[in-house]
Amino acid sequence: MLDPEKFIKDSVSFIEKNVKRGILACSGGQDSTLLAVISSMAKTDILTVFIDTGLLRNNDIKRIKEIFSSYNVNGRILDRSSLFISRLRNVTDPEEKRKIIGRTFIEVFEEEAKNYGAESLLQGTIAPDWIESGGGSRDTIKSHHNVGGLPEKMNLRLVEPLRDLYKDEVREVSRYLGLPEVQPFPGPGLAIRIIGEVTEEKLNILRRATDIVEYESSKLNDKPWQYFPVLLPVRTTGIHGDQRTYGLTIAIRFIDTIDGMSGTFSRPDWSVLENISNRITDEIPEINRVVYDITSKPPATIEWE
């Protein structure tokens, strides 16, 4: 049974013993945000860096600024969107996407660490990350950008205070600290919710769809553990007015789980899915079809890539 207060005290002590001057990689998800807040309690020099990769949702940067301010986090926000998106050009393989993003993250952090004089990199890696990335004797299911995307030789000492926690435990500690509860968001961001090549046009489509899914899902009394749209490289025939269309397809993923290691597709109120579909096809002209993913984990992973 996890004791949040003890875990926080132990983590602060661990950080103080292992980090003299460090840089913390904050993706904006629950894991790295929790680590940023815990690290701010340590009596050591830590700079929390949030990178605008260009692969974020519409309100991510605003939310992070508010958390940095509310919890006195020594934070910095860097705009590196052009760099990330340019490196993903013509890349369609999901593993390659993750590794490119991971390597680019490390490059940016090493540069910032050098400027800051840091010798350590703190990351919000948790147990499912290194298990799925082939930790121990397990096969790699998929590389997580903060595990499988790391270069073999890195100029920073890696420190991972949360690596033995599971998702439900992260949420428990976050609640104890009064952090706003947010659904999990992958480190590689929207890049792995676009099947195929990532482009600015596709990112803009997916951001609009994400806003709709998150707003309509907020009306549910019992929200799924995770809920998001995926942009598919599939065009289908449709009708708009009396005109034929040949538009793109959005898949909706609602998943229920306790720890992120296994889960089942959610069965939300049908009217919510109907509203999501109607709004997406009405408000996003590039989309003319919405489908619902009814696959559990396993055999599928939560994210499509």
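Placed from the backbone N, Cα and C atoms, the Cβ positions cover glycine too.
The domain 'GMPS ATP-PPase' annotation in Swiss-Prot covers 1-186.
What Swiss-Prot lists as ATP binding site is SER27, GLY28, GLY29, GLN30, ASP31, SER32, THR33, and the listing cites sequence analysis. Taking a C-beta cut-off of under 8 Å and a sequence gap of six or more, GLN30 (ATP binding site) has these contacts in its own chain: LYS167, VAL170, ARG171, SER174, LEU179, GLU181, VAL182, GLN183, PRO184.
For the ATP site, the Cβ centre of SER27, GLY28, GLY29, GLN30, ASP31, SER32, THR33 serves as reference, and the other residues of the chain with Cβ at most 8 Å from it are CYS26, LEU34, LEU35, GLY124, VAL182, PHE185, GLY187. According to its DSSP assignment, GLY29 (ATP binding site) is coil. Remark: ASP31 (ATP binding site) has GLY124, THR125, ILE126, LEU162, VAL170, PRO184 as non-local neighbours, by Cβ distance under 8 Å and separation of at least 6 in sequence.
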